[in-house]
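According to TrEMBL, the features are:
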{"type": "TRANSMEM", "residues": "45-68", "note": "transmembrane segment"}
{"type": "DOMAIN", "residues": "67-128", "note": "domain 'Homeobox'"}
{"type": "DNA_BIND", "residues": "69-129", "note": "DNA-binding region"}
{"type": "DOMAIN", "residues": "131-332", "note": "domain 'TLC'"}
{"type": "TRANSMEM", "residues": "140-160", "note": "transmembrane segment"}
{"type": "TRANSMEM", "residues": "210-229", "note": "transmembrane segment"}
{"type": "TRANSMEM", "residues": "264-284", "note": "transmembrane segment"}
{"type": "TRANSMEM", "residues": "304-324", "note": "transmembrane segment"}
{"type": "REGION", "residues": "342-389", "note": "region 'Disordered'"}
{"type": "COMPBIAS", "residues": "357-367", "note": "compositional bias 'Acidic residues'"}
Amino acid sequence: MFQTLYSCFWWERLWLPANLTWADLEDRDGRVYAKASDLYVTLPLAFLFLVVRHLFETYVATPLAGLLNVKEKIRLKAAPNAVLEKFYAATTKHPKQADVEMLSKKSGCTVRQVERWFRRRRNQDRPSLLKKFREASWRFTFYLLAFIAGMAVIVDKPWFYDLREVWKGYPIQSMLPSQYWYYMIELSFYWSLLFSIASDVKRKDFKEQIIHHVATIILISFSWFANYIRAGTLIMALHDSSDYLLESAKMFNYAGWRNTCNNIFIVFAAVFIITRLVILPFWIMHCTVVYPLDLYPPFFGYYFFNFMMVVLQSLHIFWAYLIIRMAQKFITGKARGGLGGFGAPGPVVEDERSDREETDNSEEEEEAAKNGPLSNGHPVLNNNHRKTD
């Protein structure tokens, strides 16, 4: 039965155009082709990435955070309370007013004390500023190096300038050593992101992030199996071109360099929209949808690859919507908080994906949680750069 499933999975008509077989992609005459077995190495490499990340965050990112004066705000801990803790863990972290009144009676606390307890308890579960900075530093370093490596891999290739060259001779296209390592490193990194996603900083688009990582892993793996390597290298480099900008903006934000944050965010938004909403759909996807049909009839792999591209493009539209909302707030001066504090005195951009930290150190702050911070009885901008990330 296993052999039957194996044979069905690797049926040539699923992966290759008509009249081509796996024998056509066997190494010969000094030409090397991509093989599915090559990808086995990405799993141990992914765990190696996790080790390297731990060492980087400990011995590079943490000292860097100290140099940049990344400071934590002291968080008041919620007093131990078995009744409230049980409700918090088993029911909800955000009780309704009726629940607050019920818990007040059960715990012997006042309504205000119960509200304060839940605010403090939620804050305890929020990731620390140092954790956010370390994570952003690691991703910035990888994405920047990956983008530089990706450009080095493709900038001297004819298909970088003429997308029709992507399919010239397909699928009998030999693999270069630089393409091999670019694929192995990128795929290993995304495996490591998927393995660590449960412990990384969680945002409101947590589910979308999982979908993105899974879709990316499937796309990279499939493009390797089907020898879509030329298209794959273009797509990976295109994605890396904006990611390092976002992570660097977060780093400067956590360090309190708010004007720098704002400027980098503007550059990031422009690069993201141009690459993900213009170049990817109108150049790259046009290349993967239209040009192959000039060479061979569509087959399952053709449809599957482009379907996964549509999934990624849908996520890009979703994230572009959030970015445009932030940019609109920045331009109109209605922003607050920040991309983890995206901003300085003046307009500040709030990351639509993140929760704001709550304060309750005084009666005034409790009122501020409902009506906004007060200064002499008037609302003011809250520039707490730890609110979002």
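Counting starts with 1 at the first residue shown.
Note that Cβ sites are derived from N, Cα and C of the backbone, with glycine treated the same way.
Residues of the DNA-binding region (69-129) grouped by DSSP class, helix first, strand second and coil last, total 36 helix, 0 strand, 25 coil.
Sequence-distant neighbours of the transmembrane segment (210-229) (same chain, 6+ residues past either end, Cβ-Cβ under 8 Å): 15-16, 25, 33-34, 36, 38-39, 170-171, 173, 175, 179, 183, 186-187, 190-191, 193-194, 197, 235-236, 288, 301, 304-305, 308-309, 311-312, 315. Here the transmembrane segment (140-160) has long-range neighbours at 56, 166, 168, 176, 178-179, 182, 185-186, 189, 230, 233-234, 236-237, 240-241, 243-244, 247-248, 250-251, meaning same-chain residues at least 6 beyond its ends whose C-beta is under 8 angstroms from one of its own. Only residues 6 or more beyond the boundaries of the transmembrane segment (264-284), in the same chain, are considered here, and those with a CB under 8 A from a CB of the stretch are 163, 231, 234-235, 238-239, 241-242, 245-246, 248-249, 252, 313, 316-317, 319-320, 323-324, 326-327, 330, 339, 342, 349. Under 8 Å from some Cβ of the transmembrane segment (304-324) lie the Cβ atoms of residues 205, 208, 211-212, 215-216, 218-219, 222-223, 226, 228, 235, 268-269, 272-273, 276-277, 280-281, 285, 288-289, 351-353, all in the same chain and six or more residues away from its ends. For the DNA-binding region (69-129), the predicted model reports an average pLDDT of 84.
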